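Chemist: Sharing a structure, written as structure tokens. Questions coming.
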Amino acid sequence: MIKVKIKSPVRPVVLTLAGNDCSGMAGLAMDIRTQTALGIHTAPVTTANTAQSHTGVDAVNAVDNRVLESQLKAASALPFAVIKSGLIANLQQITQIKAFVEKQPVPWVCDPVLKASSGEQLHDSASANDNTFNKSVLNNRQPNDDYLSRFKTELLPHISVITPNRDEAVALTGQPIKNHQDVEHAAEKLLAMGAQSVVIKGGHRLSQSPQFNNWCQDYFSDGNKSFWLSSKRLDTVNSRGTGCAFASALASALALEYPIYDAVVIAKMAVHQGLRLGYGHDLAQGPVSIQAFPDKQIDLPCLTSQGDFALESFKFTDCNSPAMGLYPVVDRASWIPRLAPLGVSTIQLRVKDLADEPLIDEIKSAIKLAKQHNCRLFINDYWQLAIKLGAYGVHLGQEDLDTADIEAIQKAGLALGISTHCHYEVARAHSYQPSYIACGPVYPTDSKVMPWIPHDLQGLSYWRRVLNYPLTAIGGINRSRIADVAKTGVDAIAMISAITQADDPEQVAADFVKLINTNKA
Ligand SMILES: Cc1ncc(COP(=O)(O)OP(=O)(O)O)c(N)n1
Ligand SMILES: Cc1ncsc1CCOP(=O)(O)O
Ligand SMILES: [Mg+2]
């Protein structure tokens with residue numbers, strides 16, 4: 001037999017504390033399936049063995065504290081990058097887990113599992129190891145003030161991200177939730193109680209608000225940044241384990257080193273995928289099923305600052321027929337007659353050194369020349385002037401989105417392009433349904449100081465898979481890279497320096513048009 005040495009890929013480890021659900025629909029089984037699909041190695045630490053089926057929870061058997069202790073000790077030998085927790089079964093476990101997490105220098109994603117989706121309370125407020133609870137006990141539990149108060153004082157201050165659903169947020173904060181504002185207040189309260197960040201999940205229906213019912217809206221806040229993620233509610237019964245899946249996907253994304261804002265978007269996408277692909281066994285309810293790192297626009301939520309906004313109110317014109325192709329980004333109108341006759345159909349005017357009358361004159365002149373040459377002209381930054389002077393379109397960065405009147409741009413009939421660099425920004429751009437989305441930087445660039453790690457071809461291909469929007473690649477693209485970029489299937493290739501700093505820009509642009517045409521996917 002020939003032995004082949006295979007170089008194994010490294011999978012980040014998520015140390016996962018949760019209950020075992022013997023029906024395999026939630027708890028550790030869901031955590032392991034979700035994390036595995038996202039490229040993570042799970043170190044599963046059992047807090048309880050629950051006896052449950054699709055009809056409900058029959059018994060919760062918390063593991064003995066020595067059993068939990070020995071698992072924590074052994075599992076921590078692995079180089080885990082994140083801790084994820086689900087069911088913490090009793091007061092003793094709160095003490096043990098606090099003692100464990102406070103020593104760990106890694107993020108902790110805590111899903112405060114208080115009830116099963118069938119309604120039974122899953123934890124006990126007794127302190128010791130009388131561990132078995134049958135159905136009648138579970139249904140007749142007294143209010144769990146002790147558990148909640150110890151959870152809040154001992155655990156909350158150590159939690160990096162807490163992911164309650166609305167009922168759990170109500171139980172933890174003691175405040176009712178009837179509308180978007182209540183959700184935002186509950187999040188503020190959880191932050192004030194010590195959590196570093198919070199996602200209040202909106203999967204459960206809430207009768208008072210039609211928007212809550214037609215859309216699944218989750219709210220994130222870390223005190224610095226707050227946003228809503230909205231996805232159309234899917235009509236499925238196969239939604240068991242959604243909470244575990246969300247927290248597991250979030251923990252996985254953090255373990256893969258995504259920043260928290262992107263990790264929340266990725267988790268929302270993963271759960272939407274899981275709901276689409278959920279399965280049943282001819283029973284009332286089956287589990288969600290996350291099968292791969294999310295890479296489909298159908299799973300992408302809309303990201304907005306307000307929960308109460310007119311979803312689906314935006315739709316910008318298609319700017320990709322005929323195909324955009326080479327997309328020079330230039331600083332003066334005089335480039336337009338030089339480039340347009342070479343087969344360049346789309347140009348951006350990006351002026352950074354003019355103001356007042358000279359700026360207005362430059363934009364006016366660019367619009368006139370673009371019209372003469374039948375060229376689609378996007379104006380960078382100056383959306384008001386673009387509307388006033390009648391440009392074809394506007395290109396906006398993320399900071400511009402904070403202040404621009406997007407409705408006015410749409411009403412004026414202009415096309416809209418938006419810059420993005422990550423999941424958070426792509427989800428934000430998606431809420432405007434722009435004419436194109438730009439992804440960058442693909443490679444390191446000298447034309448702009450940027451804090452972003454370049455996507456490279458792999459990252460660009462990922463965004464090509466995700467997005468059905470016309471996709472523009474930008475950043476560091478030059479002669480040696482343009483063919484590979486075109487092969488990813490992007491619709492437009494934007495460039496500054498490779499054209500504007502070339503010795504013979506016309507020759508270079510003509511070559512690039514040909515290279516794009518011969519290499520496009
Ligand atoms: C096609 C395209 N993509 C991205 C950018 C960057 O735009 P923005 O984020 O507004 O930054 P500045 O260009 O204003 O520095 C772009 N201009 N074009
Ligand atoms: C404005 C901008 N936004 C993302 S990368 C970039 C600069 C692109 O310039 P170049 O094509 O010279 O790398
Ligand atoms: Mg700009």
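Our numbering is plain: 1 for the first residue shown, then up by one each step along the chain.
Glycine is no exception: its Cβ is also placed from the backbone N, Cα and C atoms.
These came from TrEMBL, pasted as-is:
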DOMAIN    21-127  domain 'Pyridoxamine kinase/Phosphomethylpyrimidine kinase'
DOMAIN    144-285  domain 'Pyridoxamine kinase/Phosphomethylpyrimidine kinase'
DOMAIN    333-499  domain 'Thiamine phosphate synthase/TenI'
BINDING   Gln348, Leu349, Arg350, Val351, Lys352, Asn380, Ser419, Lys448  4-amino-2-methyl-5-(diphosphooxymethyl)pyrimidine binding site
BINDING   Asp381, Asp400  Mg(2+) binding site
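Describe the structural context of these features.
Modeler: Mean per-residue pLDDT, taken over the domain 'Pyridoxamine kinase/Phosphomethylpyrimidine kinase' (21-127), amounts to 92.
Over all protein chains present, the Cβ of Gln348 (4-amino-2-methyl-5-(diphosphooxymethyl)pyrimidine binding site) has 25 other Cβ atoms lying within 10 Å.
Less than 8 angstroms from the CB of Asp381 (Mg(2+) binding site) sit Arg350, Val351, His395, Leu396, Gly397, Asp400, each of them six or more residues away in the same chain. Asp381 (Mg(2+) binding site) falls within neither a helix nor a strand when secondary structure is assigned with DSSP, and so counts as coil.
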Chemist: For a Cβ distance below 6 Å to any atom of ligand 1, name the binding-site residues from Leu349, Val351, Lys352 that qualify, or say none.
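Modeler: List returned for ligand 1: none.
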Chemist: Report the same-chain neighbours of Asn380 (4-amino-2-methyl-5-(diphosphooxymethyl)pyrimidine binding site): residues 6+ apart in sequence with Cβ closer than 8 Å to its Cβ, ordered by sequence.
Modeler: Val329, Gln348, Leu349, Arg350, Val351, Val394, His395
Chemist: Let's see if you can do this one: DSSP helix, strand and coil counts over the domain 'Pyridoxamine kinase/Phosphomethylpyrimidine kinase' (144-285), in that order.
Modeler: 71 helix, 23 strand, 48 coil
Chemist: Tally the residues of the domain 'Pyridoxamine kinase/Phosphomethylpyrimidine kinase' (21-127) by DSSP class, grouping H, G and I as helix, E and B as strand, and everything else as coil.
Modeler: 33 helix, 32 strand, 42 coil
Chemist: List the binding-site residues Arg350, Val351, Lys352, Asn380, Asp381 whose Cβ sits under 6 Å from any atom of ligand 3, in sequence order.
Modeler: Asn380, Asp381
Chemist: For Lys352 (4-amino-2-methyl-5-(diphosphooxymethyl)pyrimidine binding site), write down the residues of its own chain that are at least 6 apart in sequence and whose Cβ falls under 8 Å from its Cβ; none is a fine answer.
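Modeler: Same-chain residues close to Lys352 (4-amino-2-methyl-5-(diphosphooxymethyl)pyrimidine binding site) (Cβ under 8 Å, separated by 6 or more) are Asp331.
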Chemist: Give me the count of other Cβ atoms within 10 A of the Cβ belonging to Asp400 (Mg(2+) binding site).
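Modeler: Other Cβ atoms within 10 Å of Asp400 (Mg(2+) binding site): 17.
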Chemist: Can you check what DSSP calls Lys448 (4-amino-2-methyl-5-(diphosphooxymethyl)pyrimidine binding site), collapsed to helix, strand or coil?
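Modeler: Where Lys448 (4-amino-2-methyl-5-(diphosphooxymethyl)pyrimidine binding site) sits, the three-state DSSP reduction gives coil.
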